[in-house]
Amino acid sequence: MSGRMKGVRSRSSSRAFQIEAQRIPQSTRLTIQNFVNFEELKQKYISEAERVLLDALITMPQGRIQSATKKKGKPHVRPSSAAANLQSHPSYTSGLFDNVSIRPATAAAAGRRAEPAPLAQRPATQAAGGRRPWRTTKEATVVEPKDMHKQPRRLTIGAVDGIASDAKKINRPSHALGNQGQLLKSKIEERINIDTLEALKKTFQEADTNRSGQLELDEFKQLLKSKLSVSANREAQIDSLFMKIDWASEGAITWDEFCTYMQLEYAEKEDSYKRAKDVDFHLPAKIENIPHRDPVLRITDTPDGNFVACSQDGMVSFWSSNIDLKRTRFVVDTERSSRAKPKWITDFVIMPQYNKFIVGTGDREIQFFELSSFEPYCQISGLETVPLKLDYCSTGHDECLILFGDSQGAINILVITSAGECLRTWKKATKIDDFIASISLNDAVGANVNFIRWDVHKDWVQQLKYYHEIGQIISCSNHDNTALVIGCTTGSTHVESQLKEVKESLQKENKDPMDRGKVNKYTYGLVRPRLESDQSVFKVYKGVKCFDFSKEKNVIVTGGMDRIVRLWNPYVSGKPTAMLRGHSAPIFFLFIAEEENRIFSISTDKCIKVWDIQDHLCLLTIRPKSHKIRGDLQAVHYSNISKTVAVATDQMAALNLRLKPVLHADIVISHKEPVTACSYNPSFKQVITCSESSVIKIWDFESGTPIFEYGDAHGDAAITCMTFDKCGRRLITGGRDGLIRIWNYNNGHCLKILQRAPKITEDQEKSDEEGEPKTLEEIRALRKKRNKVKYGIVQAIEPQQPMKVDSLEEEDDNEEICDLTYVEMNRNKYIVGVGWDRRINIYSDDITDNTIHHVQHPLPKWHDDLIRGHTEDILSVAQCPPNMLATASYDGQIIVWNMVSGHIFANLKAPKPSEYEDQSLDGDLSINKLVFLATRAHNKDSGSLVASGPRAHIHFWNVFQGGKLLAQFPGSNSKGVMVSVLEVNEKNTILFSGDSLGFVYLWDIEGYAAYGIEKDPPEVIVTWRGHVKSVTAISLVEAHKLLITSSVDCTVRMWNMEGHYVGTFGQPDPWDIYNMGTWQHPMVPYDVLIDPMSLPDHPVVSEKQNMHQIIHEDSARNSTSEKARTPTPPVVYTKQQFHIDDDTIASLIREKTFKQGSGKRQRHEKLRPVRVDRGGPSEFQMLRTLDLEETPQPKMPTLKLDKNDPFNFKLID
C-alpha cells in the first residue's frame, strides 16, 4: 500500500512539474537549457580559480556586462563618459573618485531617487560618470581570489583615469559609511518633515480616542510608532519628546503645542547654525605701494605664508603675510639692452622640489631660474605657441609634469621622469647672449621627456590646473562649448589613430627623402583632439574665466562673464548643482576653503562675497567702499595658511579673515566666556550650562557632546544663576538685568518673565493722594505716565522747560539676581529670587496664568523683610522643607525665615575665627552658598544649615532656639582662599565644596555636628584640583557616582567621586560613561597640569627650612620625646604676599636703617622689580664699539733714570 502511494505521488508530482514546465516561456526554457549545458562544461573544462571568477561574473547584475541577446551589426561600445547617474543614497559615496566618505549636499542633483535596498560595492573600474547602482542578491557571497581586487582590463581609459589606481585606497560604499545618515535620524525630531507633519495632522484626531483634543502619552506613542515606524527600543525617545512638549506637566499635549515646539526648536537650531557660520574680515584692507611698473600676472603663496608676485616686465616681489615688502628680483637680463623690445613674461609657477622658478615668455620659451638667488639656470625654446598659463605638479620621486595653455586653446604637457638629471643636462647647453642655457623642445624630448599636446578649447586658455590626486587636468576658456574640460594627460590606447599617424609620417618620408633626418622626435605629439571617453566637457554660457576644484567636497566652482557662480558635480556635466547669483560684474577669482566650507568669489568691480558650500547662501558681502581697494584688478590669491586675501591692483592690498578668538589654543573649553552655572537634568539625561555672554548650552550627559544652544537669553546681560522646577521640564534663570526668565529650554522658548514691581516716586504718591482717577481715560493716562517713569522716558511738557524725571536705570543696573530656588509648599509652588535689591522676591508659579500674563510681578513683600531684613546684597538662598528659608548676604549675616508667617526665625552671625587674618579690605564676610541638610531638619540639636563663609571658613549652624554655631573650620588648604560653592548628596553624608583656586573637596560629614559642638574639622575623603580658576557650580549625578563642575576658566568638566577625570564638555573625542576606557583618567586637564599652583608644596619653600633640618628632623624629634607626635604640616597653596603693618614701618624708621637715604627708600627697595635672567648676552656684551675719526697720538713719557738710584728710592738720612 505504501509503495503504491509512493508511485501515485511520484506520478502526480512529475505530471505537475510537466504542467508547470509548459507554462514557462520558450525563451526562458532555452536559457535554462543553456545554463545546464554551461554548468556541465564548467565542471568538465574549467579550473577551480576560473570557476570562481565565472561565478562572480554570473552573479553580477544585468547592465554591467553586455548581454548576448543584443542585436547584431555595429558593435555597441559603451564609452566611459556614458550618461552619469548621480548616487543619492545617504550611505553611498558619490565622490568623484570614490574615496570621499560622505557625499556633500552640494553634489545633490535635482530629482533624487530613493534607494530602498542598500548599495553594494562598486567595481574598481571608473568612468567619467557615476554608474547605475545595482542591488545585492540574497545568495551567499562568492569568495574572491587574491587577484580579484585588480581592475579589469579595458580597451579605453576613461576621463577620470587614475582615480582608483590604488585598490587599497578605494573607499567602498557600505553600511559603515551610511552610519552618518543614520546618526542624523537617530532623534525622532529629525525624522519629522513637512510630509510627515501633514500625515500626523490627519491622524492626530484619529488617535484622540477620548475626543478631548489632546493626546496622552500612550496615544502619542501609538501615533509615532504607526507613522514613523519607531522601533520598540526607542520608546524612551518618545517619552522624552512628550515631556519636552508637555513642559507644564499636564499629562497631555495638543496639536498646537506639538507644532509650536517643533517650529521653535528648528528656529533656534537655525539661528545657532547661522551663528556658527559667521565670517568677517578686518576692514579696511591693508594697502601698500607696489614696486611693479607693469601689471601683476599672478600672486601665489609659499609654505611659510608669504606671497610672491610677478609682473610682465619680469620683476618678482616677495611680501610677508601682512603685505610688507621684503625684497624684489628680476627674471630678465636687465644688464643687456641689445633688445629693441623688452622680454614679455606671461606667467610663472614655483618648482619647490627642485628650488626653481619657472616663467613663460612671449618668445615661446619656458625659463628656469634658481629660486634662492634668481640666477638663470636653463630654458626650453622653440615652442609652437606662446605659453599663456603655466602649471607644475610633482607626480612622484624625481617625476613631474609641466603644463601650459596657449592662445590656440591647446593644452601642452611635458612629462618628465628624471627631472633632476634632465635639468642638469639642459644646464650644460649653449648659453644665449651669455645669459641662460637654452635647449630646443625638439632636443629636450627624449627618453626621459615626453611632450603631449591636446586640442581642447576654441579660445585662449584662461586657467589650467593638474590635480595629482585624481590624475586629471582641468582647464577653462571663454568659449561656450568648451568652457570647462576635465581630461586625461596621456590619452587612451587608440591603435587606429596611432597607426594613422605613423602612416602619415612614413608617407612624408617617402615624399621628401632629403628631409628624413629632419623629422621631429615628437611627431606623435602634434596637436590632436582627445577622445570623447578621455574628457568631460562642461558647456557654460559665455564661457568660464576662473574655477576651483575640491576633491574633499566633490565640487567644481566656476565663474565667468555671466556673473554667476556655478557649482558642479564632476560626474554630471549637463547641469550645475547650484547657481549662486549676486555679483553685478564678471567673476575674476574663485577659491574653495575646504576647512571652513566656504567659497570666496571676487568680481571685476572688486566686490568680495563669501558663500556657504552646503547651504548655497551668501554669508558676507564686502564692497569697495568698505575695503578701500582702488584700481583695476590684476591678480588675486587666497592663502589658506595665513587666511588672507591678497589683491594686486596698482597697489598691493591684504584682507585678513577675522578669526574667532581662541582663548586657549591647546585647551578644550566648553564656553567662550566664563561659565556661571551648570546643572544636571535627570529627566532628559542632559547637562545645562550658562555663561556670562547669556548663552545657554545643552549637553549630552553620556557622551559630553553638545545638543542644542541658544544665545541672548538675557540680552547683553550675563546669566548669574539657574534652577529647575520640580518636574525638571522648565529652566529658570536669573541675570544681571534683574529679570528672572522661565524657559522650555529644549527649544529655547521663553514662557514667562518675572520682574520686580515698578517703584513709585514721590511725585506719583502725591498725585495719587490728591485724587483717584475715575474715568477710563484718566486711568490710561496714569498708567502711561507711570510706564514712562518706570522705563526712564523723559517727555517735555513745554519745549522751554523740560520735565526732570529720575531714571531707574541706575537702580536696575545694580539689582542683579544672585541666586534662585524653587519652593513647593502646601501644594503651592513659588520661585524665590534674591540679589542686589536686598529683598526676597517671591513669585507664584501658576501654570494656568502663563497664557494670560507673560510678565509677572512678585507677591507682596514680608513685613519683617522690609523692616528687619538684610542691609547688604543677598548672595545666596536655600529652602528646607517644610517651611524654612535661609538667606545670606554680603556682610556675613544669615537670616532664617518662616515662609508661612514671613517672620524671622533666626538671625545668625558668625564670630571671627582665632588666628585669622583678613585677606581683603571688607573682611571676607561674604557668604556665597547656603545648603540645608534635609535629613536633620527635624533634629533640633544638630547642625542642619551649612554656610560657605564668612572668612573662608565653613560653618555648621543649628537654626533652632535662636541659632547656635556648632562647627567652624577652614574650607581650603590654602590660607585665605574663599569657598565659592557647596553641595551635599541625597543622604547628607558627603559635603562637596569648591574654592576660588579651582580645588574640589569631599568632606565626610556623616554624624558630624549632629549631637553637639565640633572642635575638629571633618575628615577629607579626597581633594583634587579641577580648574585653574574659581569653581562656580557643582552638580551631582548620584545614579552614576559622578559630579560635574563649572568654572570661570570657561570649562565644564566631569569627574567621578574619587577625582578621576572623565572629560571636558565639548572635547573632540566623546566619552562613554559606561566605558571607563573612554575616560581621560589617568590624565588631568592640561591647564591644571601646567599651572604653578597645582604643584605640591615643599617644606623647604613653605616652612623656610634648610636641608639639614629636614634630614635630622626625625632624630631631633626622638631625642626630645618618644611619645610626642608632631602633626604633618598641611599642604598650603599660597601666593607670595607682603603684609607690613604700621608698627613695623615705624620701628624701622626709628632704627634709621638707611642713614644716608630718605624715608621712602625702604619702600623703593621693597617694590623694586627683581631682575630675571632670561639668558642671552648681557648689556656689557651688547656694547657697540665705533672707530674714532681722528685717532690721537699718545705722548711718549720721558724716562729719566738715575744710575745711582734706578728705582727712585730716596733714602732718608
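Placement of Cβ uses the backbone N, Cα and C atoms for every residue, glycine included.
Annotated features in TrEMBL:
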REGION    65-150  region 'Disordered'
COMPBIAS  103-120  compositional bias 'Low complexity'
DOMAIN    195-230  domain 'EF-hand'
DOMAIN    233-268  domain 'EF-hand'
REPEAT    544-569  repeat 'WD'
REPEAT    580-621  repeat 'WD'
REPEAT    668-709  repeat 'WD'
REPEAT    719-753  repeat 'WD'
REPEAT    867-907  repeat 'WD'
REPEAT    1024-1058  repeat 'WD'
REGION    1153-1176  region 'Disordered'
COMPBIAS  1167-1176  compositional bias 'Basic and acidic residues'
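When DSSP labels each residue, the domain 'EF-hand' (233-268) comes out as 27 helix, 2 strand, 7 coil, counted as helix, strand and coil in that order. Summarised by DSSP class, the composition of the repeat 'WD' (544-569) is 0 helix, 15 strand, 11 coil. Under DSSP, residues within the repeat 'WD' (1024-1058) fall into helix, strand and coil as 0 helix, 20 strand, 15 coil. Helix, strand and coil counts from DSSP across the repeat 'WD' (719-753) read 0 helix, 21 strand, 14 coil. Contact between the repeat 'WD' (668-709) and the repeat 'WD' (867-907) is not supported, since fewer than 3 Cβ pairs fall under 8 Å when only residues 6 or more apart in sequence are counted.
Summarised by DSSP class, the composition of the repeat 'WD' (867-907) is 2 helix, 23 strand, 16 coil. Across the range of the repeat 'WD' (580-621), the DSSP-based residue counts are 0 helix, 24 strand, 18 coil.
For the repeat 'WD' (668-709), the DSSP counts in helix, strand and coil order read 0 helix, 22 strand, 20 coil.
Mean pLDDT for the repeat 'WD' (668-709) in this predicted model: 92.
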